[in-house]
Amino acid sequence: MRLPSNTHVSVPPTAPKHCTDNKFRCSNGQCVSASFVCDEELDCDDGSDEASCPPTTCSSTSFQCNNSVCVPRLWACDGDVDCSDGSDEWPQNCGTRAPEGAPKPCSLREFQCGSGECIHSSWKCDGGFDCLDRSDETNCSEYSPSLLLPLLLLLAIFALIFSVFNIPDEFQCGDGTCIHGGRQCNRQYDCRDLSDEIGCVNVSHCKGPTRFKCRSGECISMEKVCDKQRDCRDWSDEPLRECDSNECLYNNGGCTHICNDLKIGYECQCPTGYYLSDKKRCEDIDECANPDICSQICVNHMGSYKCECEEGYQVDPATKACKAIGTVAYLFFTNRHEVRKMTLDKSEYTRVIPHLKNAVALDMNMVAKEIYWSDLSQKKIYSTSMDLAADTAQHKVVIDSDIEAPEGIAFDWVHGNIYWTDSIRSSISVSTANGSHRKTLFQNDLAKPRAIVVDPHSNFMYWTDWGTPAKIEKGGLNGGDRAALVTDDIVWPNGITLDLLNQRLYWVDSKLHTLSSIDVQGGGRRTLIIDEHRLAHPLGITVFEERVFWTDVSNNAILSANRVTGRDIKPVAEHLLTPEDIVLYHNLKQPTGRDWCKVANGGCEFMCLAAPQVGIHSPKYTCACPDNMLLAKDMRKCVPGIYLATLYIALPIAIVCLVAFGAVLLWRNYRLKNTNTIHFENPVYQKTTEDQVHICRSHSPDGYSYPPIVSLDDEA
């Protein structure tokens, strides 16, 4: 007996009898991580990891959603829906709630939902659910006037689709004769007047599970296959052997998982999370190979995957993205004359540092609550405590000499150093946080270095250069391991920022009007946004959670977008005055790390600089000396640069000169001993009479003097 064509014969993978200690055994035998149990997500296929879990009790620092899920209380009423049911933003949970039983008043133009919120009255009975409890679509008449037009449009669309894709069984030729409908537009003339191939679009519609392509060229419905009626001219729709057999009955058709018997033949299929590697064998799809599949951490499992968050972050139940917990996030930015800060929803907006000349670059030591900024007019780099920033007497000068145009600064919060670019001196330098020790790290092959960002965990810095040629480069915090990351499709790169958790760089190009990203090794480049209006002239950029923020001096605004897709562009603040650099302040932005230079300055006499970690044998740090000195042989102490220059340059030159001088003396001595000379006397230069000899010299305009006239006349 032949099985129906939709029969699936599958061979399930063998379930393990036991799971390891760090695994949980589901009721169906599946093994999942023990940390997945009672995490309010169904990880077992049968949901047994969430069965028999105690009722959720939220702590005092958490907000309990209406569906019992706990989210940080900081997330409630922040304008961003975090509960999957939206209850963290319900009006009754965010404002002053009215007494029980007293409905919250809505205006005459609004409709009050059963769940408490107010919506526009025109949204009532419009066919879309706008209330959280869907009460706006209850008690509606069957044929509401607001629904009539959408229904008519929907019916028209269905009619159009039906008329396009519904192919009749027969086609009437122009001469009145009829042919099979499958022979129309099959690129073969079947009507005597050739009308079956007139007006055809050269696109094959004979695809999909409902169509069958005959070997003779016709396209027929799959329902006509194996119906004991000839529909293909070559009878290819009625093969006797295949029509009466089910290949899946024997050894599952050779399929490792699912065998799907077709009317003619069979096909192997895979369950969700697997792919067909060789038409028979299913292999696991590594979803984690896509770096954007999860917000932060991706854990691959056989047939599935799970997203997790780094320490200090929590999965947002609504968006499934990782959201920071802890302090409130602030945006700090410069507008040349001030440093200001605001919350992401602009509910708090204040001035931090007033009365500045020309503040451009900005960065922070978030643990110590210190602000660093550069002033192009003063040609200095300053620092101050965040709590005392409004008092100009508390502003400290960090760098005030040998500096021209510090357009970018970056603070290394692990090792306590500050790095800056100088577009006029074409250099990148480093100093201690108080400016007492400094050194120039890069000075060659730089044109106009601008923005700079550091990674004190891998010990690399990254910077933009808008000179000719424009580029983005990276180098070690000690001045080594320099490499170019972006050299093409780049003109005026301005701001650059680092997503430390995902190890991706983001930058803006004010000439190309683009926002792009790349991994820290220079691969996976993406152009996320191309927009001449919202990226008219971007300058500063920063990233946090799932959003990227940038300043635009042409729009006088701060905008943000999704960091993965570049979509959902929103203005954060508008009508600003020339916003330039921008920094996001949060306790998770600068995670702690080990400072190998902390103990005794690493044994270095002058500066101890972290070395880039490019391999397991990479040094943790190297010593550095001032610009006019060099490291001694012990690689820790410093020696004067002039002494070494004399030793390595002047001494070889002196030796060469002495050898050459000795050779000349020997050669001259040899010539004197072995040369015969003949003495000629010129009577012109001898006084044989009483006449005096006068030699007149004429000076040429070329500056050369030579004797054109010789006279024996005393009067000459």
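Note: Cβ is positioned from N, Cα and C throughout, glycine not excepted.
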Partner cysteine of C38 (disulphide bond, per TrEMBL) from C19, C53, C58: C53
Just choose from C113, C118, C125, C140 the cysteine that TrEMBL connects to C131 via a disulfide. C113
Per TrEMBL, which of C118, C140 is disulfide-bonded to C125? C140
C232: disulphide-bonded cysteine as recorded in TrEMBL, out of C206, C214, C255, C259: C214
Do you know offhand how many angstrom separate C185 (disulfide bond) and C191 (disulfide bond) by C-alpha? 11
Ten-angstrom check, please: count other Cβ atoms within 10 Å of the Cβ of C214 (disulfide bond), all chains counted. 20
Which one is it: of the disulfide-bonded residues C65, C70, C173, whose Cα lies the shortest distance from the Cα of C298 (disulfide bond)? C70
With C191 (disulfide bond) as the reference Cα, tell me which of the disulfide-bonded residues C31, C44, C200, C288 is the closest one. C200
Using other CB atoms within 10 angstroms as the count, which residue among the disulfide-bonded residues C131, C288 scores least? C288
For the repeat 'LDL-receptor class B' (459-502), the number of residues DSSP places in helix, strand and coil: 0 helix, 23 strand, 21 coil
